[in-house]
Each structure stands twice: as C-alpha cells, then as structure tokens.
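Engineer: Below: one structure in structure tokens.
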Amino acid sequence: MNRQFKNTLRDRLGNYLESKKSATLMEVVLIFGVVFLFIQMVAPFFQGSQLAQQLIVWFANVIMIALVCFGQWLRRSNFRDLGLVLPVWSGKTYLKIILWSFLIGIITILSFVLGSVGMSMLMGATAQPDVSNYDYLKDNPGIFVLSLLGVYLVSSFGEELVYRGFLIHRVSLMLKGAKFEKTYAVLISAVIFGLAHYTWGITGMVQTSFMGLILGTFHVRFKNKLIVLILAHAYMDTLLLGSIYLS
C-alpha cells in the first residue's frame, strides 16, 4: 500500500510537471535557486581557501545534476530526452564524434576569445576573465590532475547535461508552439550559463555566454547528441586549467 502511494504520488507530480508550463518554470527556478542559495550560504565560511571555494562550486553542480535526475525520475523519462545517449559502437561513428567535437571545441574557443575582444573594445582596455580562484593550481601538479578529473565530471559532463540537455529541453517545453522556440531556448540557456559564472567578472560572464551560445546551437544542430558537446567542453576545460597551471 505504501509503495502504491509512493508510485501514485510520483505519477501525480510527474504528470503535473509534464502538463503545466508553470510547473516546468518552477522546476527550473527551484534547481538554480537551491544551488545559488547553497553557494551563498556555505561559501562565506571558507573565504580563506580557494580550493574549498572551488569544491563548494563543484558540490553545487553535483546538487544540480541530482535535481535534474530527480526531475527525470518523476517524469518517468530517460536521459535520451536530454540528449545523453551513447551511440551504437562503430569505429566510423566514434571517429565522426571525435572530429566533430574537435571542430566544435575550436569554434567554442574562438567564441570565448571573441567575447574577450568585444569586452576589450567596450571597456577600452584588455579584458580578461577573473579566474584568480584557480590560483591554487599553480605549481601543484597533484592538485592540478585531481582538479582536471573533477572538472571533467562536474563541468564538462555536468554543465552540458544541465545547461544544454536539461535547460534547453525545459525552456523549449515552456515555449512550445512559439515561433523560433529553439532559438529562444538556446539564447536563454546561454545567458543563464553566463550568469552562472558571475565569479569570473563581467568579462567572464560574456565569454561563457558566447561559449553557451555556440554549444547550445550545436546541441540543437546535432539533435541532442550531448556526447559531442561533452568532449568539446572537456577540451576547453583542459586548455583553461592547463594555462592557469603553467602561468
């Protein structure tokens, strides 16, 4: 009886999320709101430690991933809806995935640079993102390797699942039937992705918005094949952390 009640409650909540655009909006606001509040409440206790600050952000990303998974569970939906699916093994298929991921990675890096150039033109000086929170990587090979592995999980994989897979899908549901719904979904997800990097300063937010715009566009172009974007994002993260470590 208890199990039946749980299943009934799950179905009721899932159906509510599926049928009401307002419920989908609340789901999105709840996920990002909870994570933002978590960071704001916990981070002040670790002001003196850059590594601790970064771990808090990573844990916040894990919370987002968990909440996205919970939403999918309530809906009885699999992750294919969010584009998370491995293609059937084929050497040709995986070679194509790798080549496309390199191309998208290069375009994404160029968009990141373009964001910096644009901000430099507006501000009249060389504009760079504030990545000083990563200074703990310098001359610390062990922490660098561990951080890289952590970033691959919570950033390369996690951010693509949340900001491209989940967010574009949910915004598209809310805009269903509207003209250019996918275009608006990509734009909105890119802006939110940029705002999520507020600790990088205004230049960093603009750069990551450009990055989100490119990745979101290809997400729609490839009909939700997230694996390509995850690899492209991983290349970008490797270059970013590597440049900080070597600086």
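One-based numbering along the chain as shown.
Here the Cβ of each residue, glycine as well, is placed from N, Cα and C on the backbone.
As the structure is a computational prediction, the values presented were derived from the model and not from experiment.
Not my notes, these are from TrEMBL:
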type	residues	note
TRANSMEM	21-43	transmembrane segment
TRANSMEM	55-74	transmembrane segment
TRANSMEM	94-123	transmembrane segment
TRANSMEM	143-163	transmembrane segment
DOMAIN	144-238	domain 'CAAX prenyl protease 2/Lysostaphin resistance protein A-like'
TRANSMEM	184-206	transmembrane segment
TRANSMEM	226-246	transmembrane segment
Engineer: Per the 3+ Cβ pairs under 8 Å rule, pairs at least 6 apart in sequence, do the transmembrane segment (55-74) and the transmembrane segment (143-163) touch?
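Structural biologist: Yes, these stretches are in contact.
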Engineer: Given the cut-off of 8 Å on Cβ pairs that are 6 or more apart in sequence, determine whether the transmembrane segment (226-246) and the transmembrane segment (21-43) share at least 3 such pairs.
Structural biologist: no
Engineer: Looking only at the domain 'CAAX prenyl protease 2/Lysostaphin resistance protein A-like' (144-238), what is the model's average confidence as pLDDT?
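Structural biologist: Mean pLDDT for the domain 'CAAX prenyl protease 2/Lysostaphin resistance protein A-like' (144-238): 93.
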Engineer: What parts of the chain pack near the transmembrane segment (184-206), using Cβ distances under 8 Å and only residues at least 6 beyond its ends?
Structural biologist: 32, 57, 115-116, 118-119, 127-131, 133, 159, 163-164, 167-168, 171-172, 175, 178, 212-213, 216-217, 219-220
Engineer: In the domain 'CAAX prenyl protease 2/Lysostaphin resistance protein A-like' (144-238), how many residues does DSSP call helix, how many strand, and how many coil?
Structural biologist: 83 helix, 0 strand, 12 coil
